Amino acid sequence: MATETPREREIAAEDSIKVVCRFRPLNDSEEKAGSKFIVKFPSGGEDNCISIGGKVYLFDKVFKPNATQDKVYNEAAKSIVTDVLAGYNGTIFAYGQTSSGKTHTMEGVIGDPNKQGIIPRIVNDIFNHIYGMEENLEFHIKVSYFEIYMDKIRDLLDVSKVNLSVHEDKNRVPFVKGATERFVSSPEEVFEVIEEGKSNRHIAVTNMNEHSSRSHSVFLINVKQENLENQKKLSGKLYLVDLAGSEKVSKTGAEGTVLDEAKNINKSLSALGNVISALADGNKTHIPYRDSKLTRILQESLGGNARTTIIICCSPASFNESETKSTLDFGKRAKTIKNVVCVNEELTAEEWKRRYEREKEKAAKWKAKVDKLEAELSRWRQGETVNPDEQVNLVEAPDVTTPINVSIEGKLDDSPMPATPGGGLMAGSLSNEERQKLEEERERLYQQLDDKDEEINQQSQYVEKLKEQMEEQEELIASARRDYEQLQQEMNRIQQENESAKEEVKEVLQALEELAVNYDQKSQEVELKNKEQETMTEELLAKQVALNNTASELQQLRDMSAHQRKRIAEMLANFLKDLGEIGVAIGGDENLKVAPESNGKLEEEFTVARLFISKMKSEVKNLVQRCQGLESFQVDCNKKVSEYEKDLAECRLLISQHEARMQTLTESMKEAEARKRTLEEDVDALREECAKLKAAEQVQAVTNKEKAEEKEAATKMRVALEEQMDQLRDAHQKQVAALRDELSEKQELISELKDLNQKFTLAHQQMQADYERLKQEEANKSVKLQELMLLNERREQARKDLKGLEDTVAKELQTLHNLRKLFVQDLQARIKKTINAEDNEDDGGSLAQKQKISFLENNLDQLTKVHKQLVRDNADLRCELPKLEKRLRATMERVKALETALRDAKEGAMRDRKRYQYEVDRIKEAVRQKNLARRGPSAQIAKPIRAGQHHLSTVSIRTGNRENECKSAFIDENKRIPAAFMYNGYA
């Protein structure tokens, strides 16, 4: 499929931009602020002009504040629907300051028949026109919705696309690359897309608008239609733009992010104004479209191939007068711009071929005709005679035939002939009378030849243009062939990559097999380690049992050796005697009877303890005394604070009384001033009346000299008035003097009260400072008191602990005393038994006893060595056990990591296989589509709409940014629309 060049399109025509103006009513805030309605609509039936401040502005249409949404749409935007369906591009955008009604005009309330704006109405109209057209037309409609926020293009249908770029197609028409395109087949689907985009659009609250748009939104409707009978295809784009309003920060109160948004909005609108001014100027060669992404997108709409309607929205309030005038000047400049509009028609390869053959035949015919004309012209220039049958049949041929024959006859007459009398007379008459006519005929023929030359040149130029077009078509075919070759190379490269990827997958699988083998080996090693650990644990348990047995035997030997050690018994006896003496020294229980001998150590310890306890008791007594003193001091401080508070309350009361008195005096002074002012006004009024009377008297004296009686009466009246004025003046002066005296007294009293108030204020501040100081001291003393109380509690607790310790020591001493008695009795019994045994036994018995004792000592030493060795072995095993456990944990973690890597590798291999398969299928599909496009227009496009048929329900499945939309076939009574499948992004 190829796009037709401008030469092949319908003849391009200039079309001025249509500018309409809409004024909104005054809002509540403007009415509360007292703003006036400054716009005037001149009477006379014309509704295309307005007047502000005496200046008249003329537009294509002006809508008053009471204009309905339906009226605005019908008169401003409805005609663009038929233009778009006829293959033209269209643009509608609203311009104006913030809170001027742009979004209300463009969108309104979707779903409300009365309040919905241009976008929902134009969508309904497009589908209604399609449903009413011929059934052999098939439409494909797709929509895009994006915004320009902070000079970045953001897709409203896919919020992950936040910085899209503007590119140019092969015809140098700008477009937004990467914007999401949704195929739609009913108004409801379009409204769903609009609602989805609106929910993602940036808005904010300002002082002038609760729902202020913070970005320029662009809703693009792309309509392609195909005539199924003659394969004719037309396409049209409709840009519906809702611009953000220009803002003054002083009025909107923007801060932070909202301020940055306002800066970018004003910058882009300024760039739009510069483009409008450059286009309106007409003398500038450079149009600054690239200064902003907004002007870049609207390049075709401003001075390009589009029928554009600008709706300028204005506020009628005097508060916004400067912004309104600026908006009107913008519309006035935009009205002078002219766009070059032509139909967007796409031709198939067969149509191009037919046109090429047709033009080739025309060129051949013209070339043959030009060759004949050149041959005839060369013969004429050589002086030869061309028969009428051999002459080229032109439109002017009947008129040219006669002069040519005449000229030929003239030339034949001029040829040499035999001289005769008759012949001489004939030649003389031709040379004198007819020669001038023949010359005129020849000049006319030459002129006709020049005209033919010019026509031939024109035809030659046309042939050259046709040749250029043929070359362009050949270049297009060559570029298509190059594209095909590139795609073929790309396909070969991808196949090679696929093969290499397969090899990589094989290598990965081999690595996975090796990992599996290693995993099995590691598993066997782990099992062996587990068995070794179990055997070591069993050995450790056996050694532990042997150790316990040895320990029990050792304990028995120790018990036996304890009874046999005399030295230990003597030391124990001495210790018991010492304890008894300590008990007697302490003077505890009377039942404690200990020996008077003592080594002095325990007694020294008890002495130190007792000294410490007595010292603690003295310190506690001192602390208690200090606490009592602090409590008494706190009571005194509380009394002083209460007294100070009473004095402070009295001072506050006195200050409030003085303040009330001052306020009363001030009011009385104000009343005196008011009375004084009233009296002065009365005096001024009387003076004015007196002056009027004097003037009347003078006038009456001048005009009425004859009336003496009246003059005398007037004189009397004047005298009486003067006397009355003198009396009033005296009374007024007296009253003013009295008021001045009273005022001076009041002033003195006020100054005295101020001094007194200042003194009380100073005293109050001093007392407040003293109160704060005393309060701080009290707080400090309270903290100290709490610390002392805490210390006292600790001392009491220590005393209780010491008392408990004394009781415990006394009990222990009693126990030791009882044990001493038992040991003494046991020793006495054993001594008696030993004496009796010595009397009965000989010396051999003592030797046997010594041998037994030495044997037992040797056994004890051996058992001690064995015990130490067992303890060392146990310690070594305990040190080795954490290392083995650590190695076991590391082995288990390594096994888990290998399992995870194996699972991830399998999943990655599956994903790579699916991705490679998908890429291969996509490339095959692209090549197939390219081949089909080369053969003819047979591409499958999603959601075709057949004209003359109403839309039925569709099933749509969307996943993320890409959409799989399946539409089942619609079966009507005699019609069937084929179902189509589209994978967005690769359709």
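Glycine is treated like the rest: Cβ placed from N, Cα and C.
TrEMBL: automatically predicted annotations, no manual curation.
DSSP assigns K102 (ATP binding site) to a helical segment in the three-state reduction. Residues or ranges marked as ATP binding site by TrEMBL: G96, Q97, T98, S99, S100, G101, K102, T103.
Sequence annotations record features per position, and here TrEMBL assigns coiled coil to 342-383 (among others).
Residues or ranges marked as coiled coil by TrEMBL: 641-822 (among others).
The coiled coil annotation in TrEMBL covers 853-908 (among others).
Taken from TrEMBL, the feature compositional bias 'Basic and acidic residues' covers 432-442.
For 16-337, the entry in TrEMBL reads domain 'Kinesin motor'.
Sequence annotations record features per position, and here TrEMBL assigns region 'Disordered' to 408-442.
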If I take every residue in the coiled coil (853-908) and average their pLDDT values, what number comes out?
74
State the count of C-beta atoms found within 10 angstroms of the C-beta of T98 (ATP binding site), not counting that atom itself.
24
Looking only at the compositional bias 'Basic and acidic residues' (432-442), what are its DSSP counts of helix, strand and coil residues?
11 helix, 0 strand, 0 coil
